[in-house]
Amino acid sequence: MAGGAPTVGKIAVRNMPTGRALYFPLALVTSLFFLWGFAYGLLDVLNKHFQEVLNLSKMKSTVLQVAYFGAYIVFPPLIGQPVVRRFGYKVSIITGLMLYVVGALCFWPCAQFKTFPGFVAATFVIACGLSNLEVAANTYVTVLGSAKTATFRLNLSQSFNGLGSFIGPLIASKFFFSAEHSGDLDSVKFIYLGIACGVFVVAVLFVFATLPEVSDDDMENESDLPTKPLLKQPHFLGGFSSQWLYVGAQVTVATFFINLANEDGIKSDSKASQLLSYSLILFTVGRFFSTFLLRFLQPRHILGAYAILCTTLCALSAGLKGLGGTVCVMVLFFFMSCMYPTIFTLALQDLGGNTKRAGTFVVMGVGGGAIFPPIQGAIADKASTKISQIVPTVGFAYLIFYAFMLAKGPTPRPSDYLEATKNHQPEGEPNYK
């Protein structure tokens, strides 16, 4: 932030490693972002695959999304928040990983007996694990280090989420829609068995890893401001609602991408799935590019500008004929890229001892992905997928209001002041304008 080091009234130092000592825990936790990105990337392609193999309507197939994102509404407040506050980040992460393993293993019998309700239940279990990972990992990356670089760190970690998101559909397009497996679910069994094995290995790594903990008291001491109730924090309330609307918009855009491409003239599901993978590559590139921009611009300004572009592109995808609509949605993925982590850190800013609790509620915002798809699916069945694009357009439009009216600029913590006085200009800190 321009103007030199901040003046604070209270200095508190956490008993925590700094600098390069943070690289290992941050790198290990960042691996989790890839795992749930991969799971989410497969979900959108599974939706279309189940429409074909199990003969489901567009609206009925969205029950998979309802189960996945509905878990984010139920699990974080009932299980995720108590676990992370009582037992810490490490136990919370391992719990999430093991739920992920159990859910992935359940895909084998579900594919064997072609039971869609079974797939819905298994997806719910996986999502419970992923929601627990998000409660822990997103908040952990946010608080582990300087407050001024919280958004930068989370966007960097979330970039690997985007990497997993595009690898998932890329693999699915090769196996789910191949000539050999386009009419069966055998490929689903083996892909999810491999996922279960890989995630179990990561869980074992976390069991033996040493991770620094950050308690609620640590966060309380780090804040120079008195902790106010969450209901009296407009930037948190706005961030919570923004996360609901953003995730709902993102999920519907991805869920019906293949259907939209079909309506725009791309009749091959395999080719449409590959285009979805290319879109997610743009999403990943956008995350890394946004991370670079965060070294120079305030997060809320980037969020506001990207929200304007997303609203415009989404509206155009509903009105343009031919491949123009699909191209607009592909570009849209680039500008959606930084929204989730940026909203997350903006919502958690200056919450002190309420940071973990608030993080749980913001992660619940992922539940928006359970609300929007059925609405868009109903409109798509009765009208068309292109007309239904008005649903995510509304979600993106709200983000413009949040970014420019409710979100706050960065406020340094006391330990940032100590770091600034020692190093004058710490390496890697953003120069906000």
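Keep in mind that glycine also has a Cβ here, set from the backbone N, Cα and C atoms.
Caution: TrEMBL annotation is automatic and unverified by curators.
Annotated features, as they stand in TrEMBL:
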type	residues	note
TRANSMEM	22-43	transmembrane segment
TRANSMEM	63-79	transmembrane segment
TRANSMEM	91-111	transmembrane segment
TRANSMEM	118-140	transmembrane segment
TRANSMEM	190-211	transmembrane segment
TRANSMEM	244-263	transmembrane segment
TRANSMEM	275-297	transmembrane segment
TRANSMEM	303-320	transmembrane segment
TRANSMEM	327-346	transmembrane segment
TRANSMEM	358-375	transmembrane segment
TRANSMEM	387-407	transmembrane segment
Contact between the transmembrane segment (118-140) and the transmembrane segment (244-263) (3 or more Cβ pairs under 8 Å, separation 6+): no
For the transmembrane segment (387-407), distant same-chain residues with Cβ under 8 A (at least six beyond the ends): 234-235, 237-239, 241-242, 245-246, 248-250, 252-253, 256, 260, 299-301, 303-304, 307-308, 310-311, 314-315, 317-318, 325, 329, 339, 343, 346, 368, 372, 375-377, 379-380
Considering the transmembrane segment (358-375), which listed stretch of 190-211, 244-263, 275-297, 327-346 counts the most C-beta pairs under 8 Å: 244-263
Dominant neighbour of the transmembrane segment (190-211) in 22-43, 63-79, 244-263, 275-297, 327-346, by Cβ pairs under 8 Å: 22-43
Contact between the transmembrane segment (327-346) and the transmembrane segment (244-263) (at least 3 Cβ pairs under 8 Å, separation 6+): yes
Candidate ranges 22-43, 63-79, 91-111, 244-263, 275-297 - greatest C-beta contact count to the transmembrane segment (303-320) (under 8 angstroms): 244-263
Residue numbers, six or more beyond the limits of the transmembrane segment (275-297), whose CB comes under 8 Å of its CB atoms: 41, 44-45, 151-152, 155-156, 158-159, 161-163, 165-170, 173, 254, 257-258, 261, 266, 306, 326, 329-331, 333-338, 342, 430-433
